[in-house]
Amino acid sequence: MTTPALLPLSGRRIPPLNLGPPSFPHHRATLRLSEKFILLLILSAFITLCFGAFFFLPDSSKHKRFDLGLEDVLIPHVDAGKGAKNPGVFLIHGPDEHRHREEEERLRNKIRADHEKALEEAKEKLRKSREEIRAEIQTEKNKVVQEMKIKQNKPLPPVPIPNLVGISGGDPEDSDIREKREKIKEMMKHAWDNYRTYGWGHNELRPIARKGHSPNIFGSSQMGATIVDALDTLYIMGLHAEFLDGQRWIEDNLDFSVNSEVSVFEVNIRFIGGLLAAYYLSGEEIFKIKAVQLAEKLLPAFNTPTGIPWAMVNLKSGVGRNWGWASAGSSILAEFGTLHMEFMHLSYLTGDLIYYKKVMHIRKLLQKMDRPNGLYPNYLNPRTGRWGQYHTSVGGLGDSFYEYLLKAWLMSDKTDHEARKMYDDAIEAIEKHLIKKSRGGLVFIGEWKNGHLEKKMGHLACFAGGMFALGADGSRTDKAGHYLELGAEIARTCHESYDRTALKLGPESFKFDGAVEAVAVRQAEKYYILRPEVIETYWYLWRFTHDPRYRQWGWEAALAIEKYCRVSGGFSGVKDVYSSTPTHDDVQQSFFLAETLKYLYLLFSGDDLLPLEHWVFNTEAHPLPVLHLANTTLSAEHGHLAEAAGHLMFVGSVPLLPIQTVQRDGSGCSGDPALQQRQAVEASCGINPGCIRGTEEEWELTVAG
Ligand code: DMJ
């Protein structure tokens, strides 16, 4: 039986394959179906190969083909000379001549640019100091280690969760206050719902354009900054469905392996602070895991010759750099000095000392430096370890550095005396050189610029009223009353800066010059971008004094925000607080949900919601629990801590000690005399038995503290 030919075989006969004795010993003019199939396969494989070779081979091999003379076939002919109007100018024939010419040009430019870039890089390398090259190598190494860690996705070891007091409640008894609190909650809902509808996943919202907004501090990726920043506010307001929605987005979408250059400071205070607070409030592990993953991505920023981190870091490459505008390539005091709270919690939660070491190193370095008039300048060069321009402020560029010194002490259950001393010293110098009273009797904080006091106070500096009140208790001899009073004076001045505007909202900065008091003079300083600092100060003063004026002032601000900043798509900043017909800036800042609305809500809540003896708010208003571990660590009833290897504990008045898995009989400790000495100190602290892990350097730090 012959099989009908499927393909015309041009009369050629193909002999049958000799695979054994043929069942029908005869010659055939046609092929069997299976044979045809095999032939078809071979043919199609050949065709695929030919096409594949052309389309999928690397560019360079295509170029080689051109070199072999195929360019005439594959690209239109390029002709110079004779017929050309301008000799030396090439004429390209063919319908796509323009496109091809551009393509060629692009290719040439790319090669030229790559070449120049490589040259520049080589030159740059030669210019670098040994330390810098070493730091770069370290960055690379760390990156590899971190990537491995992340890949392993190890669950974090369990640690005892600090005492979490007052994570809900605070219902006011007074019906008027209850109503006000409800109103603030409604404002939060409006801000969140609109972000949910128009900006979901973007970093912030443009409430008028009704679309996402991405400020450069969060890099080029959509990292949902508003979601992360708002979570704890949603939680304490009891907006649990919204909280869950945010949590799901984080679980499914929040990814830090992105090629994006972010601000180390902003990402720390908003993301790490926000995630840690969400973790402590809700107990959901995912927040802790994400916080740690992100923190690992920030670590390369510390690989500078001095260990003072860069302002920005690329989350993927780990390459860091500073803001172009910062004095002589400096890092900023308020940025590298506002990592302590979050990093201490990271070390506590992971048992990894690296975070603790990074921030303690910064502290040690600052302690060693001379300070003009006892003041910390805002700029420090991370390459040389020298101060940049002598500019000191309690507002932008300096603010939260002072705040974190105080809060490091509070967060350590008041055992980190070193931080408290640094805070007290700094505040004394600030009071002496920067705090003045205006002719009209308003106390303000000026800025020190190259040996001269500028009588200008920023909105940002208004947070200091709350800081002075918070630091009053525990201040040097007989000064508690004084600092509470100073806090109240700053609150009054900042309230005046609001009250003297058309909108009853404060400008970005205001002057005290002759007749002008607490008023912005330059147009560029008249905006209000939904900032929280003044309301933050009202809240702290309310908690410490219960003076009703603070609730009244807070309510005035809330009404003004509602009236002038609310739009149907959310809340927006305004460009001029002195104009009764405001223009909106069309940005709903993430800190509006994290801070402004949270402080307002707390202002109209009872003190039992997030009590200040148990919680310390980071500079983005994310509450972190006080680590009350001093007398409980390793005691019999806290045996579980002893089992959690490599975790941190507070020992009496010293900062943090790393501990090894503790053996109750003391066994397992090294015979090293230094370790034995540590054990002796440990025993004298009432922690017995146990042994301590860590290098000499850490130990010295601990004892010195
Ligand atoms: C917030 O991100 C933080 O409060 C920071 O410390 C300073 N400024 C903004 C809000 O104004």
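If you go along the chain as it appears here, the first residue is 1 and each next one adds 1.
Cβ atoms are placed via backbone N, Cα and C, with glycine included.
Please treat TrEMBL annotations as automatic predictions, because they have not gone through curation.
Quick look at what TrEMBL lists:
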- 37-57: transmembrane segment (TRANSMEM)
- 101-143: coiled coil (COILED)
- 153-175: region 'Disordered' (REGION)
- Glu266: active site, proton donor (ACT_SITE)
- Asp399: active site (ACT_SITE)
- Cys462-Cys494: disulfide bond (DISULFID)
- Glu508: active site, proton donor (ACT_SITE)
- Glu533: active site (ACT_SITE)
- Thr619: Ca(2+) binding site (BINDING)
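Annotation note: Glu508 (active site, proton donor) sits in a coil segment as assigned by DSSP. Taking Cβ-Cβ distances under 8 Å and a sequence separation of 6 or more, the neighbours of Glu508 (active site, proton donor) in its chain are Gly458, His459, Ala520, Glu525, Lys526, Tyr527, Tyr528, Ile529.
According to DSSP, Cys494 (disulfide bond) is assigned to a helical segment. Only Thr619 of the recorded positions listed as Glu266, Cys462, Cys494, Glu508, Thr619 bring a Cβ under 6 Å of any atom of ligand 1; the order follows the sequence. Taking the Cα of Glu266 (active site, proton donor) as the reference point, the closest of the recorded positions Cys462, Cys494, Glu533, Thr619 is Thr619. Ranking the recorded positions Asp399, Cys462, Cys494, Thr619 by Cα distance from Glu533 (active site) puts Cys462 first. Summarising the environment of Glu266 (active site, proton donor), the number of other Cβ atoms within 10 Å of its Cβ, over all protein chains shown, is 22. Thr619 (Ca(2+) binding site) has Asp399 as its nearest neighbour among the recorded positions Asp399, Cys462, Cys494, going by CA to CA distance. Confidence for the coiled coil (101-143), expressed as mean pLDDT, is 78. Across the region 'Disordered' (153-175), the DSSP tally of helix, strand and coil residues reads 1 helix, 0 strand, 22 coil. Taking all protein chains in view, 24 other C-beta atoms sit within 10 angstroms of the C-beta of the residue listed as 'Ca(2+) binding site'. Close to Cys494 (disulfide bond) in the fold, though at least 6 residues off in sequence, lie His459, Cys462, Gly465, Gly506, Glu533, Val534, Thr537, each with a CB less than 8 Å from its CB. For Asp399 (active site), the Cβ neighbour count at a 10 Å cut-off comes to 25, with all displayed protein chains included.
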